[in-house]
Amino acid sequence: MIDKYQMRQILAAFSTGLSILTVGCFMGWTSPTLEKLDLNKNQKSLLASIHEIGHLISPIPVGLSIDRHGRLPCLILSGVLTSIGWIIVILTRDLYHLYFARFLFGITMGITFTVVPTYVGEILDTNIRGVCFTLLPLFLNSGHLVEFVLGPLLTYETFAYLNLVVPIVFLLSCFFLFESPYYYIYINNDHKANTIFSKIKASYDYKEIKEKIKIVKYDNFKNLKILMTKCLNRNFMCVVLLNIVQRFSGMSAMVAYSHHILQNNIYSIVFSSLVLLFSFVSTLVINKISHRKLLLYSCFGCFLSHLFSCVITFLHYNEVVHFKYDYNFMLFTSICVYASIYSIGLGPMPNILQGEMLPLDLRGIGSCVCSIVFTMSSFTVTNMFLKINSLFVNFLLYSLNCLFAFVFFYIYLIKTDNKELYEIHNNFDAVENKKDLKQQE
């Protein structure tokens, strides 16, 4: 039963989810809009990808800022920048102004993907944390689908006005948001931290929470060095690697080139709809299956679906066998299976584990590193797809990536379900200390 305290947590998570929705909207905006602009191929390509530059450079200053200035001001900044970007899109079709607007969108993307997992992970109770984390990909995929459906039906200006509404609604919701209490603990403001805990927790022992967190304040450059030390290596390695293997499972390429792969508009719409549908399904199962098991099942399922796509693509293009059924439909079915399995486990897990496994005093710089890795991986996968110029090779690489992920996380990933943040970190420290004692003996 959800009480009024958890309802406040859920509403706060929902409000931050609106910032994810803005990201989904501007990511999907180019697909129906590029045809309305008088641009050559190179200009269209740059307009579609220039946001990644902003996404790449923004996590570093944001990672430093969330520990110095708080999570909430950074979220508000993302809404302001997105609104400015859409106003530019409304006022002009000048190419260089559109480049600048897309660059601002990329900065927003970096802020959002760095701050939201941290903020949501810090304010939620353990029994609803997993469910609320799975809502974040749901918001992202909803943004994609809205753009794909409404973009072809609306004029350029009307479409831009509609997109401007989303960040404005998000900024209005920020008036009802509260800062993370863990940020106030970090800056030793016990009064404000206690006040926020009293609003979002039915019962808590503030002294116990603060004692168990055991915050040690370092400057941010030392934090990066500490993050790489042995005692934190396993947690950090799992979170960073999960961001990499999630992107290298092929979803970035599937979204960017779904029409090229499936060669059917209806198939592309169904594919996007399934990603959205099973993102919702993941919210129903996330607390019924442990996060570790769900990730392992998802990795292995993605491996099998990609392997099947790899085999039928090889047989089709090499004319080894003649398919009784339509090849495109078989490939579409296999990709839809991948999309469904991905959306339940591998898709939402980076946000969940990033919010759970990064220690509080290193969360800013850790989230920054994760966001940069995510961006570089996504950019690499999207560009590799066309350069490789072989569906067989692409699907083979995706399947091997998912198999590697299954083996790695089976060996190294710890269980985090229904544990407070300080319990996860303290339990991990205890395991590492035992290993050190055994090695010394």
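Every residue number used here counts from 1 along the chain in the order it is shown.
Any Cβ shown, glycine's included, is placed from N, Cα and C.
Worth saying up front: this structure is predicted, and the values here are computed from it rather than measured.
Annotation comment: TrEMBL describes 5-417 as domain 'Major facilitator superfamily (MFS) profile'.
Feature annotation from TrEMBL assigns transmembrane segment to 12-31 (among others).
The transmembrane segment annotation in TrEMBL covers 72-92 (among others). Counting same-chain residues at least six beyond the ends of the transmembrane segment (72-92), those with a Cβ under 8 angstroms from any Cβ of the stretch are 16, 19, 22, 26, 62, 65-66, 98, 100-102, 104-105, 107-108, 111-112, 114-116, 119, 157, 160-161, 163-164, 166-168, 170-171, 174, 177-180.
Long-range Cβ contacts of the transmembrane segment (98-120) within its own chain (Cβ-Cβ under 8 Å, at least 6 residues beyond either end) map to 12-13, 16-17, 19-20, 22-23, 26-27, 37, 46-47, 50-59, 62-63, 66, 71-72, 74-75, 77-78, 81-82, 84-86, 88-89, 92, 129, 132-133, 136, 180, 350-352, 354-355, 358, 363-364, 367-368, 370-371, 374-375. Residues annotated as transmembrane segment in TrEMBL: 98-120 (among others).
Long-range neighbours of the transmembrane segment (160-178) within the same chain, counting only residues 6 or more positions beyond its ends whose Cβ lies under 8 Å from a Cβ of the stretch, are 11-12, 15-16, 18-19, 21-22, 25-26, 29, 72, 75-76, 79-80, 82-83, 86-87, 89-90, 123, 143, 150, 154, 196, 199-200. Residues or ranges marked as transmembrane segment in TrEMBL: 160-178 (among others).
Positions annotated as transmembrane segment by TrEMBL: 236-260 (among others). Here the transmembrane segment (236-260) has Cβ contacts under 8 Å with residues 144, 227-228, 267-268, 271-272, 295, 299, 302, 306, 335, 338-339, 342, 346-347, 349-350, 353-354, 357-358, 366, 369-370, 373-374, 377-378, 380-382, 384-386, 394-395, 397-398, 401-402, 404-405, 408-409, 412-414 of the same chain, all six or more residues outside its ends.
Positions annotated as transmembrane segment by TrEMBL: 266-287 (among others).
What TrEMBL records for 294-317 (among others) is transmembrane segment. Among residues of the same chain six or more beyond the transmembrane segment (294-317), those with a C-beta under 8 A of the stretch's C-beta atoms are 242, 245, 249-250, 285-286, 323, 327, 330-331, 334-335, 337-338, 341-342, 344-347, 349, 391-392, 395-396, 398-399, 402-403, 405-406, 409-410, 413.
Feature annotation from TrEMBL assigns transmembrane segment to 329-353 (among others). Here the transmembrane segment (329-353) has long-range neighbours at 116-117, 120-121, 129-130, 133-134, 136-137, 141, 238-239, 242-243, 245-246, 249-251, 254, 261-262, 264, 267, 270-271, 274-279, 281-282, 285-286, 291, 294-295, 297-299, 301-302, 305-306, 308-309, 312-313, 323, 370, 374, 402, 405, 416, meaning same-chain residues at least 6 beyond its ends whose C-beta is under 8 angstroms from one of its own.
Under the heading transmembrane segment, TrEMBL lists 365-386 (among others).
The transmembrane segment annotation in TrEMBL covers 392-413 (among others).
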Inset, instruction - Please give the sequence-distant neighbours of the transmembrane segment (266-287): residues at least 6 beyond its ends with Cβ less than 8 Å from one of its Cβ atoms. - result: 127-128, 130-131, 133-135, 137-138, 141-142, 144-145, 148-149, 254-255, 258-259, 294, 328, 332, 335-336, 339-345, 347-348, 352, 417
